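S.K.: Annotations per TrEMBL:
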DOMAIN    64-206  domain 'tRNA(Ile)-lysidine/2-thiocytidine synthase N-terminal'
BINDING   Gly67, Ala68, Ser69, Asp73, Val99, Gly177, Asp182  ATP binding site
DOMAIN    305-335  domain 'Cytoplasmic tRNA 2-thiolation protein 1 C-terminal'
Amino acid sequence: MGEAEVKPKKAGPVQCSICSQRRAALKRPKTLEQICRECFYAVFEEEIHRVVVDNQLFKPGERIAIGASGGKDSTVLAYVLSELNRRHNYGLDLFLLSVDEGITGYRDDSLETVKRNEIQYGLPLKVVSYKDLYGWTMDEIVKMIGLKNNCTFCGVFRRQALDRGAAMLKVDKLATGHNADDIAETVLLNILRGDIARLSRCTSIITGEDGPIPRCKPFKYTYEKEIVIYPYSFLQNLNRIYTYAYFKRLDYFSTECIYSPNAYRGFAREFIKDLERIRPRAILDIIRSGEKFRISTSAKMPEQGTCERCGYISSQKWCKACVLLEGLNRGLPKLGIGRTRGLNNGLECDTKQSNGVKNIQSKQCGTLDF
């Protein structure tokens, strides 16, 4: 008889590489360490705490608005900042700030999640809407402009809406849930567009210090896959990754915006994900590269001033929101799309003299005067 076939022994459960006491529950995307759930909580929260402390994001006694969409990033940010504020005695007054863009079947549902978060985390909530601020909802804008350029309108309006809401709350800073993936995508987008002005500041952890309300990004070095679970199709060659929002059973809204499938950023996102599959640290490497960029002294940078119509920060005569609103109100929605420097300078500033254009001063054009 031949030698008996030796059956390979089954591998036992993998122990946590940090505590060596509990069974590993996940593999960290950033480091590929296999760790238990309790150690993951600890390292995830400690990394964010270190980012807050090392970058002096907050000062005791400050009022901080958390941009809350009901999605994974902002929900985890609200939860973690609440926990760290209590645990490390930051001394902050925290608020939730949401923007209602007026997207039926998307934002109305996600705002219900934010309202539950308000109760769950005990944080006051302020909601501002495009309809109240600008006189338009995104549903109405899309009917006029179509799906091709709608994200241009939404991005410009949302930024001003957040600033206006933050001003209403009289906060010192606005914290957003932008994660490492978002920032790496932005670096790539600004390179592809040749946007030198934004490229020089897109990796800054605090921005807008010369504007109405500074913004900070506590998740700057936090991978998206550590915040929330990814679809299995993306992880077909890896162990399924269960992450913070999943383990903590946080209440968040996971549906993507119905108007965003054609957004330019989506192509950059897919490229970043392809890089990450090959080299997990690619995301951090792109951010580090962005941090090291030096803009030539010969490059002409836009000079920041204020919009003549609404008083919002702008490098042009009119801010982008006022230009876009002028087009909408005239029935010429493409008026503010693309390069608008010459157009901007030639616009008539007195809307009272324009034919059939409703006055978009005050509440409709993003002014921060209340």
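Including glycine, each Cβ sits where the backbone N, Cα and C put it.
Automatic, uncurated: that is what TrEMBL annotation is.
On a predicted model such as this, the values are computed, not experimentally measured, just so you know.
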S.K.: How far apart, in angstrom, are the most distant Cα atoms among the ATP-binding residues Gly67, Ala68, Ser69, Asp73, Val99, Gly177, Asp182?
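M.R.: Taking every pair among Gly67, Ala68, Ser69, Asp73, Val99, Gly177, Asp182, the longest Cα gap is 19 Å.
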S.K.: With DSSP as the reference, give the number of residues of the domain 'Cytoplasmic tRNA 2-thiolation protein 1 C-terminal' (305-335) in helix, strand and coil.
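M.R.: For that range the per-state counts are 14 helix, 4 strand, 13 coil.
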S.K.: Count up the helix, strand and coil residues in the domain 'tRNA(Ile)-lysidine/2-thiocytidine synthase N-terminal' (64-206) according to DSSP, in that order.
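M.R.: Going through the domain 'tRNA(Ile)-lysidine/2-thiocytidine synthase N-terminal' (64-206) residue by residue, I get 82 helix, 21 strand, 40 coil.
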S.K.: When you tally the Cβ atoms that lie within 10 Å of each candidate's Cβ, which of the binding-site residues (Asp73, Asp182) has the highest tally?
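M.R.: Its Cβ has the most other Cβ atoms within 10 Å: Asp73.
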S.K.: Where among the binding-site residues Ala68, Val99 do you find the Cβ with the fewest other Cβ atoms within 10 Å?
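M.R.: It is Val99 that, of the binding-site residues Ala68, Val99, has the fewest other Cβ atoms within 10 Å.
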S.K.: State the count of C-beta atoms found within 10 angstroms of the C-beta of Gly67 (ATP binding site), not counting that atom itself.
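M.R.: Total other Cβ atoms inside 10 Å, all chains included: 22.
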